[in-house]
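Everything below concerns the one structure shown next.
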């Protein structure tokens, strides 16, 4: 009788454990699907944000005037044309406005241009702007955070004498030998020389935050520990 009771108990326990495992597997599968869906949505949102900002620039150092709203587009186009030697028409500026809270210093101006090539023309000529006035890319919050994280590494590599720069949310590093090799490729052909293989350019990406354990993983571990304790009794 005792043996029969043990057999029945084991069978019931096995059946219950199997049902629990199936339920957890179903929950785990659903959790994975939800994670994938969220990841895909985040990527789409990121792509939309980057596309929206693709033709934007931020202009800093322009004195703020209370009456500027009515003539800001005209003023900006004239200012850029004067300093950069360009011929930007008012209709090429889709939108322009100040961003941030009003402070003692002039707020930056967000300029949304109609075409990407016009934006790049401005970025290539930005070194012509007078001291105190400068332009920057309009990056997403995610990219700005990544660039901030990579800034110490960028400065470290430059101190080493390497050529280092940020490209979106990535840090590109080139040694002097790599830079010289690229320069030789652009120069007129010369007799071949025997050279040792060069190290490829290094690329660093800002580390992502580690996700904490979710509820399903925690429940699964608790269930597993509980079953092991019952087995050992």
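Each residue, glycine too, has its Cβ placed from N, Cα and C.
Checking TrEMBL for coiled coil across the ranges 17-58, 59-100 points to 17-58. Within the listed segments 150-176, 177-203, TrEMBL records region 'Disordered' for the stretch 177-203. In the predicted model, the coiled coil (17-58) has a mean pLDDT of 91.
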